[in-house]
């Protein structure tokens with residue numbers, strides 16, 4: 001990986017339409033897993049003016065009141081009135097969920113001592129870097145924190161003119177591979193019509209940007225773009241159609257690591273798009289936490305119905321304290337990257353996924369996020 005002098009990442013709030021869709025899909029997954037941990041779930045959501053549509057494939061023994069669940073998620077995010085353009089209590093809810101293909105189930109399920117096969121073919125990446133305490137790239141980490149702060153101030157009423165939809169973008173200046181300054185910040189937030197742009201700019205600067213970004217990184221030449229197009233009253237699903245899985249770079253490393261292309265939300269852990277990406281993060285984070293490298297990227301790949309990965313690759317970009325080939329041996333020794341091994345290693349058959357669906361799947365040391373633990377450090381250090 002080349003050394004950047006500038007690097008930019010973005011994030012979006014829980015009220016962004018694509019993130020609404022992700023949260024609905026993961027809320028459905030959670031509700032099913034809470035009662036049927038062996039369910040197969042692949043649920044996609046679309047939200048647009050006045051409606052939420054869910055579709056996909058599910059195999060489960062439980063029953064979920066999807067309409068009430070979907071409405072509750074929308075209302076919880078903050079779309080609770082026609083005044084903000086979308087109301088979870090009155091929007092149409094359309095359900096086009098069907099059964100999982102028997103052909104897929106036959107190839108994936110465990111039976112007659114056959115191990116759980118990967119739910120699909122594909123390639124996944126995990127990444128960690130020591131440029132932040134949580135071993136995440138700084139641009140995406142701080143982009144998440146900005147929109148998370150926007151939501152906090154909206155929900156606690158401190159800035160009661162804020163509305164749910166918001167986006168952030170952070171450009172950091174790097175010196176010798178380490179972030180040293182903020183070059184530019186973009187924050188666009190939906191708002192009520194009766195607040196002035198001057199009030200918005202001052203509040204966003206003082207209450208969001210300055211309380212979130214490290215003061216020592218802000219300087220006289222930092223560029224601030226706060227609602228740069230002017231008013232942002234029309235937002236959420238009225239302003240843009242939202243779809244599950246359309247923020248895969250926001251969900252991961254903000255572009256600083258590669259991405260295999262598979263989205264996460266709405267997928268149960270038999271889908272390696274999700275579970276193997278979580279495992280990749282777990283492996284890479286433990287390697288960096290153990291001091292074996294200052295940056296580490298893991299690639300894994302799978303064939304549908306086959307348990308063993310078709311490949312496992314390690315790249316430390318020349319930062320490793322030992323050879324990448326030696327780190328690869330340690331990975332094989334200490335991490336089981338078969339689908340069943342990942343599920344058991346990270347305890348993934350739990351209703352923990354809606355929480356992942358906004359503000360990043362990685363770099364948040366929540367108790368449910370087992371892939372953020374660094375409990376393999378001692379074993380890796382030998």
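Every residue, even glycine, has its Cβ placed from backbone N, Cα and C.
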Further L-methionine ligand in Swiss-Prot, beside 100, 240, 271, within candidate set 57, 148, 152: 57
Binding residues 16, 165, 166, 167, 240, 246, 247, 263, 267 (ATP) - maximum C-alpha distance in whole Å: 25
Distance [Cα-Cα, Å, rounded] between residue 100 (L-methionine binding site) and residue 247 (ATP binding site): 25
Candidate nearest residue 166 (ATP binding site) in space, where candidates are the binding-site residues 18, 44, 57 and distance is Cα-Cα: 18
Same chain, 6+ residues apart, C-beta under 8 Å of the C-beta of residue 240 (ATP binding site), given in sequence order: 17, 18
Count of other CB atoms lying within 10 Å of the CB belonging to residue 271 (L-methionine binding site): 23
Stretch-averaged pLDDT - the region 'Flexible loop' (100-110): 64
Surrounding CB atoms that lie within 10 Å of the CB of residue 247 (ATP binding site), all protein chains: 23
